[in-house]
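Annotation source TrEMBL lists region 'Disordered' at 1-40. Taken from TrEMBL, the feature transmembrane segment covers 123-144, 172-193, 223-241, 284-307, 319-341, 371-395, 407-429.
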Amino acid sequence: MANVAKKVSWSGRDPRDDEDERAGETTPLLNGTGPGAADGARQFAPSSFLRTGQLSNVDLNEDIRELETELPRPYPNEIPHNEKLLSLKYESLDYDNSENQLFLEEERRINHAAFRTVEIKRWVICAMIGILTGLVACFIDIVVENLAGLKYRVVKDNIDKFTEKGGLSFSLLLWATLNASVVMVGSVIVAFIEPVAAGSGIPQIKCYLNGVKIPHVVRLKTLVIKVCGVILSVVGGLAVGKEGPMIHSGAVIAAGISQGRSTSLKRDFKIFEYFRRDTEKRDFVSAGAAAGVSAAFGAPVGGVLFSLEEGASFWNQFLTWRIFFASMISTFTLNSVLSVYHGNAWDLSSPGLINFGRFDSEKMGYTIQEIPIFIFMGVVGGILGALFNALNYWLTMFRIRYIHRPCLQVIEAMLVAAVTAAVGFVMIYCSRDCQPIQGSSVAYPLQLFCADGEYNSMATAFFNTPEKSVVNLFHDPPGLCVK
């Protein structure tokens, strides 16, 4: 029976390899057979089975050798158990408490005061998650604004220098080079240091909240690379935003704080040890994701609804209030810090990273004649959305098939940044929409071919941060950027 088990599981290998592995390895094989199974079969074969059923030993060595000589197999029949399979890297999280005898005895020892203390700690952790998530969002917004201003000043000085000399091609090369260089740094640290930080991170967090743990998805190193990658991507002119990655950032912050230790730093702070379970960690990660949504859009209720409807499949009534509390703390922290940074300490006019500014309610009246226009806009938006989804699907399949190496991913990101800069430069060059600078709230005006005291409105849409470009489109005078 031992020979049968051995030959069924390792029919494509040399028998001497099996003897070596039996001597020094005790790991079971993929199909459950191995040294343990073989030893168990060896214990029962000569004594019990031969007495009851009078079975005879069958040796398959000769038959298998004949088959191997007649039919050569270029590929092994079974993947070795020590092969680095993709599925072996992912862990299935246990979100159900194991209610064994030890667990029940531990629960009985907890008195009312200890239970209240644990509940207070949950609220304290949610408050810390909200504060740190808001501070991370402030850091991203401030650094993006400063780096975008630095890039604008460099390109503007070059454009002003070469406009009179007729050498705008140098300005185009400078702009494309700056964008490609910044994006290259961001893509290199993501592709070669922490690939799980790529993208928005929302699919990975959804996987975690539903029981699939992707390696390094909630590590501190992932948070650092995520923040740096977002900053460099936005400054490099890519068509990306800061809002989506905030969900991943908030989830990483929540996972680290709730456990009271850091795997990346190899430090254990000996706090919050009671919450070092998959169930508790999942609840706090849900709060972190909600805090990220709240910091991005200034919507605490929206953050709770995101975690409830789009994120976790495990929910309870008490979790709703704690997550809402973390979301409120997050948007309040972001609002307070950005208000102080912009010089309006008590204005509280920046509830989220994306902000469309204040609108005059008296000028926002609608008439019934505009309803067909809104219907037409919805239909066109739906058609364009379906077309975008189809193109994105085919493009994603192409990238998975051909652009899967880190070096190719870096080249792809640099190429997209350079092409984006070239297209933007051509649109600015072809635009003749000149507006007076006086009375304008534009942060980065470019003169280009406009007269003195005027700026090119198309250029401001490319040199501003994405949020400020949207604000300008909503609040600039009618007819701007359409000439």
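Any Cβ shown, glycine's included, is placed from N, Cα and C.
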Suppose I define contact as three or more CB-CB distances under 8 A, residues 6 or more apart in sequence; do the transmembrane segment (223-241) and the transmembrane segment (371-395) meet it?
no
If you count every Cβ pair below 8 Å, which range out of 284-307, 319-341, 407-429 shares the most with the transmembrane segment (123-144)?
319-341
Counting Cβ pairs under 8 Å to the transmembrane segment (319-341), which of 172-193, 284-307, 407-429 comes out on top?
284-307
Chain residues in Cβ proximity to the transmembrane segment (172-193) (below 8 Å; excluding those fewer than six residues from its ends, i.e. six or more beyond)
147, 151, 154-155, 158, 221, 225, 228-229, 231-233, 235-238, 406-407, 409-410, 413-418, 420-422, 424-425
Contacting positions for the transmembrane segment (407-429) when only residues 6+ beyond its ends and CB under 8 Å are counted:
168, 171-172, 175-180, 182-184, 186-188, 191, 236-239, 399, 446, 448, 456, 458-459, 462
